[in-house]
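Undergrad: Can you read through this structure? Questions will come right after.
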Amino acid sequence: MVRTKADSVPGTYRKVVAARAPRKVLGSSTSATNSTSVSSRKAENKYAGGNPVCVRPTPKWQKGIGEFFRLSPKDSEKENQIPEEAGSSGLGKAKRKACPLQPDHTNDEKE
């Protein structure tokens with residue numbers, strides 16, 4: 001039971017009950033036939049995707065979804081990488097020395 005502000009009023013008593021969604025019935029041929037015909041009608045009326053409240057045009061710079069499927073293997077390199085560095089494991093490059101950080105002693109002096 002959930003108590004609400006209305007419970008403080010004398011002489012009234014309300015009980016809040018959570019509702020459940022109806023469950024699908026499987027195995028019955030008649031209900032399966034009815035549910036498919038009803039669901040096909042619902043699918044025609046429903047809006048499929050996007051933002052139905054504020055429809056905005058697609059920007060010119062945005063690629064279509066088909067562009068990603070039509071790319072050849074040589075064009076599928078990362079856009080933001082330099083071609084010489086793309087896919088390299090770093091074996092042929094000069095090794096960088098690791099420079100450990102010097103400990104900061106400013107906090108120790110204050111204590």
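Including glycine, each Cβ sits where the backbone N, Cα and C put it.
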Undergrad: What residue among Ser8, Ser89 has an entry for phosphoserine in Swiss-Prot?
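TA: That would be Ser8, per the phosphoserine annotation in Swiss-Prot.
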Undergrad: Consult Swiss-Prot and report the residue, out of Ser31, Ser76, Ser88, annotated as phosphoserine.
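TA: Candidates were Ser31, Ser76, Ser88; Swiss-Prot attaches phosphoserine to Ser31.
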Undergrad: Just counting, how many other CB atoms are there within 10 A of the CB of Lys24 (ubiquitin cross-link)?
TA: 8
Undergrad: Need one number: mean pLDDT over the motif 'PIP-box' (62-72).
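TA: On average, pLDDT over the motif 'PIP-box' (62-72) sits at 77.
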